[in-house]
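Trainee: Got a structure for you, questions after.
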Amino acid sequence: MSHPPRMDPRLAQRLGAKRAALEARRPLPPDVLRVLHADLQVRLTFHSNAIEGNTLNLRETQLVIAHGITIGGHALKEHLEATNHAAAYTAMVALAEASPPLTLAQILELHRLVMDRMLAEAGQLRRGAVTIRGAQLVPPPAREVPALLEQWLAWLETEGLQYEPVTRMALAHHGFLAVHPFLDGNGRTARLLLNLLLLRAGYPPALLLQEWRLGYLEALAQADRGRYNPLLNLLGRAVEIGLDLYLDACAATPDEEWLPLSLLARDTPHSAAYLALLIRKGRLAGTKRAGHWHSTRAALARYQAEVAAGSVPRGRPPGS
């Protein structure tokens, strides 16, 4: 490793503080976990698929997953990507709750769910050469893939344990993508595995935003050259979004604390539409109730504090 990975100290401090705050609230109430996972199933499906080029927006993704609605102007493949990833997310959460180490069979099952009805080789390791779009790294020959995956799995339980969890997950994420074990669906499977490992380590799922796509690809390219800090910091920010979502949900357990955005907006310079945009971008915790976004005063205060501290962008669209 050319440069030992080191997270930005300010980010590392925030993650440590938020992780400790979350640990103090465990075990989380089952109803809170149900709401969180229903929300994250849609969010992670939308963002992971959008990174790969799917054009369904967040609302359309939710309609496809929850109601099986066909969205006009979108190919069948995009609908399958949504329902498949949602099913794979549910399976990932179930796997995360089990204690045995990750296995090759579990990886293959997640890939099968991700690529069901879209790839004849769903759930199978590739038997031919592949390229990584936009990357200089050349994946290894297919004949080496089984052994490399076994080495990757062993690393998680041996050498990888020398790193704190988020660093370990960042290195593992890049290592898996470098092997590129499947003909297609490597990125989505890798991001599900990232979150499976985070959940097993006691973290919430990381929310890697589709707006970060170019930065994500560049960070992976830097990791190909042995420079892991950009990837570690980017994934650290994704973990922080997940921590914020969990903490905000814990703070808003009573139903009366979830307020419609039209009411919350009265206490801010922002419109309800802009607050909804923040929720869709993963910057403000929120949940859908009766088809309308709700958030909490605690979540809004957290967002405003992070804007004031410079942790999130300050800009807002016209008319907000």
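Just so it is clear, glycine is given a Cβ too, placed from its N, Cα and C backbone atoms.
Sharing the record's features from TrEMBL:
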- HIS180: active site (ACT_SITE)
- ASP184, GLY185, ASN186, GLY187, ARG188, THR189, ALA190, ARG191: ATP binding site (BINDING)
- 102-237: domain 'Fido' (DOMAIN)
- GLU52: site 'Important for autoinhibition of adenylyltransferase activity' (SITE)
Trainee: Quick check for the class: what is the C-alpha distance, in angstrom and rounded, between ARG191 (ATP binding site) and the residue listed as 'active site'?
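Mentor: Their Cα atoms are separated by 13 Å.
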Trainee: If one measures from the C-alpha of GLU52 (site 'Important for autoinhibition of adenylyltransferase activity') to the C-alpha of ASN186 (ATP binding site), what distance in angstrom results, rounded to a whole number?
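Mentor: Checking the Cα atoms of GLU52 (site 'Important for autoinhibition of adenylyltransferase activity') and ASN186 (ATP binding site) gives a distance of 10 Å.
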Trainee: At the level of the C-alpha atoms, what whole-angstrom distance separates THR189 (ATP binding site) and HIS180 (active site)?
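Mentor: On Cα coordinates alone, these residues lie 10 Å apart.
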Trainee: Among the binding-site residues ASN186, THR189, point out the residue whose Cβ has the most other Cβ atoms within 10 Å, with all shown protein chains included in the count.
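Mentor: Top count of Cβ atoms within 10 Å goes to THR189.
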Trainee: State the Cα to Cα distance, in Å, between ASN186 (ATP binding site) and the residue listed as 'active site', rounded to an integer.
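Mentor: Pair distance, Cα basis, whole Å: 6 Å.
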Trainee: Which residue counts does DSSP give the domain 'Fido' (102-237) for helix, strand and coil?
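Mentor: Across the domain 'Fido' (102-237), DSSP assigns the residues as follows: 86 helix, 1 strand, 49 coil.
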Trainee: Express the distance between the Cα positions of ALA190 (ATP binding site) and the residue listed as 'active site' as a whole number of Å.
Mentor: 9
